[in-house]
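First the structure, in the form of structure tokens, and then the observations on it.
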Amino acid sequence: MAVAYMLVVDLTVLLGLAGAVLWSDPISGTAWASAGVLLAATAGHIAASAQIEERRRHRTGDTTTHNTDLAMTWPVVAALLALPIPLALAVILGIRALRWPSARKSAFRYTFSTMTFLPAAVAARMLWDLTGPHMWTGLTVWTSAVQVVLAIACGEVFGIVQNLIITAARALNLPPGERLDSWSPIGPWRDEALSAAGMVLGTLAAVSLTHVPIAVLAVAAVGAGIHWALSHQSELEQTRAQARTDPKTGTLNSFGWQEQATRQVARARGNHRPISLLMIDADHFKLINDAWGHPTGDAVLRLIGDTLRSVTRPGDVVARFGGEEFVVLLPDTGAAEAFRVAERIRATLGASALPATDRRGGEIVLKGRDAPPPRGPGDQILLTASGGYVDADYRAISASVGVAASCGQTADLRQLMERADAAMYRAKKRGRNTVWLDTVRLGSAGDPDRR
């Protein structure tokens, strides 16, 4: 169904383009020259940003997800505002042809996405013409600002129409019973800001095409500079994030956690607020690696990281500290509440079920040590001859949790970590799958002994 829809869109757009060319007024030589300059400027921007796009793909491993492409945005806007509509559509096809070598998409999908540009361009041009006539001479600051706002509005119409066409194709391509993610005409703020910048540059390029066409090359240089600066900033942000993030679990690593935890402890001291720390260690983790392999062990680590994020608050600081050990800092949390959080973590892991594979690639399900008993026909609990659960060998997931709390004015991160670590080892000595609360020097954060 989706393929048929895409073919219908392609054919309809091509027929519409042919009709626009056949029944349009003759195009002047000046307009053709402006179109040539615009395509040359676009080719320069695309060539200058080619390495930037390659680095982005290498960084993200993504060749399919849509990102705002500044090298496409401003030339399309300029063509729509300054050129006759048949020529503008032809220029858009030319721009897409220039982008094709670096697109990394199948020809069929790239052709369809190219065809979506044309009805979107017609809709945007209709809005532009309805709000006209647009004169690029004798403008005041106010009237020029109005023109820029109208150009941005046309760009938004372009994006909305194009996204609606693409969303329809995605919906038709879904398996039966699966629902499409909610769609919004407004994207991430960075993409929206980049789109707005592209529309402003496109407006400047349109003015240049009207008066000094060769000046479009300067607009392309500015666009390439913005493209490089934003890409460089994104690379720096990703590098900083990677330096602070554990790649296996997506939580903070010890460096990132130490940085944030130090700030939170200083804040607790300054505000005289309680603060608590949990030390979590996966029980018998080496046995999991030995029995089912390191990929399954990594899956268990991811499960623990996901559990910690789901149980804690957004302001809590979660990290994998190394190996199978995790740590959670709980700001504004006394000992009793920290104990309850630790118990929720232990209980959630104890009741979990994790699809995984064994060393031979066979499918297995690892379970928490407190998972519901296996049941057979008639809801009968399945037991071995010795009286144990039939899935006892796969009940391997649990954690021991140590809890330490401090009142704000005496909070010390190193001491909290030492106390929580000692409490965690006490939990292991008590048989694992246990929470142990350290009650040394609780001060105003004190609570009854929760051991």
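Glycine is no exception: its Cβ is also placed from the backbone N, Cα and C atoms.
For 273-440, the entry in TrEMBL reads domain 'GGDEF'.
Annotation comment: TrEMBL describes 6-24 (among others) as transmembrane segment.
Residues 17, 20-21, 24-25, 27, 31-32, 34-35, 38-39, 41-42, 45, 114, 117-118, 121-122, 124-125, 128, 134, 151, 154-155, 158, 194-195, 198-199, 201-203, 205-207, 209-210, 216, 219, 223 of the same chain lie 6+ residues outside the transmembrane segment (72-95) yet bring a C-beta within less than 8 angstroms of a C-beta in it. The transmembrane segment annotation in TrEMBL covers 72-95 (among others).
Beyond its flanks by at least six residues, the transmembrane segment (107-128) meets 6, 9-10, 13-14, 16-17, 76, 79-81, 85, 88-89, 92-93, 96, 100, 134, 150-151, 153-155, 157-159, 161-162, 165-166, 169 of its own chain at Cβ-Cβ distances under 8 Å. Marked as transmembrane segment by TrEMBL: 107-128 (among others).
What TrEMBL records for 148-172 (among others) is transmembrane segment.
Residues annotated as transmembrane segment in TrEMBL: 193-226 (among others).
Within the chain, the transmembrane segment (193-226) has long-range Cβ neighbours (under 8 A, six or more residues past its boundaries) at 33-34, 37-38, 40-42, 44-45, 48-49, 68, 70-71, 73-78, 80-83, 136, 147-148, 151-152, 155, 159, 187. Tertiary neighbourhood of the transmembrane segment (148-172): same-chain residues 1-2, 5-6, 9, 73, 76-77, 80-81, 112-113, 116-117, 119-121, 123-125, 127-128, 131, 134, 180, 183, 185, 195-196, 198-200, 202-203, 206, selected by CB-CB distance under 8 Å and a gap of 6+ residues from either end. Model confidence over the domain 'GGDEF' (273-440) stands at 92, taken as the mean pLDDT rounded to a whole number.
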